[in-house]
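Look at Swiss-Prot and you will find Cys64-Cys73, Cys69-Cys81, Cys74-Cys91, Cys79-Cys93 tagged as disulfide bond, backed by similarity to another entry. Marked as 4-hydroxyproline by Swiss-Prot on the basis of experimental evidence: Pro56. The signal peptide annotation in Swiss-Prot covers 1-24, and the record cites sequence analysis as its basis.
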Amino acid sequence: MPKLEMMLLVLLILPLPYFDAAGGQSVHVDGYGDGLARYLQRGERAVKKTCIRSTPGSNWGRCCLTKMCHTLCCARSDCTCVYRSGKGHGCSCTS
């Protein structure tokens, strides 16, 4: 099988919600957050962080291992979430 066909096959098999251009990790959570807790405790991520659901009533949500600012993930935990008129929410990180 040529490489291009193999790559397209792999992309069709992988679920698209796992790819998130805005940063963070999209995870499937159940109504009680157990799925999210399992994700956060996997490997070296034994931390408790908050997640937001993608849409109200959805079982999909986004988890940030640093800090969440509206729907974005900040680069570091010490960043603050700010709102800039005309630009929306963003992270302000101290150097």
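Just so you know, glycine gets a Cβ as well, placed from its N, Cα and C.
Everything Swiss-Prot records as a feature, shown here on the structure.
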residue: Cys64; record: disulfide bond; Cβ neighbours (10 Å): 19
residue: Cys69; record: disulfide bond; Cβ neighbours (10 Å): 19
residue: Cys73; record: disulfide bond; Cβ neighbours (10 Å): 19
residue: Cys74; record: disulfide bond; Cβ neighbours (10 Å): 20
residue: Cys79; record: disulfide bond; Cβ neighbours (10 Å): 18
residue: Cys81; record: disulfide bond; Cβ neighbours (10 Å): 14
residue: Cys91; record: disulfide bond; Cβ neighbours (10 Å): 19
residue: Cys93; record: disulfide bond; Cβ neighbours (10 Å): 13
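Rounded to the nearest whole angstrom, the C-alpha distance between Cys81 (disulfide bond) and Cys74 (disulfide bond) is 8. In space, Cys74 is the closest of the disulfide-bonded residues Cys64, Cys69, Cys73, Cys74 to Cys93 (disulfide bond), judged by Cα positions. Taking Cα separation as the measure, Cys64 (disulfide bond) is nearest to Cys74 of the disulfide-bonded residues Cys74, Cys79, Cys91.
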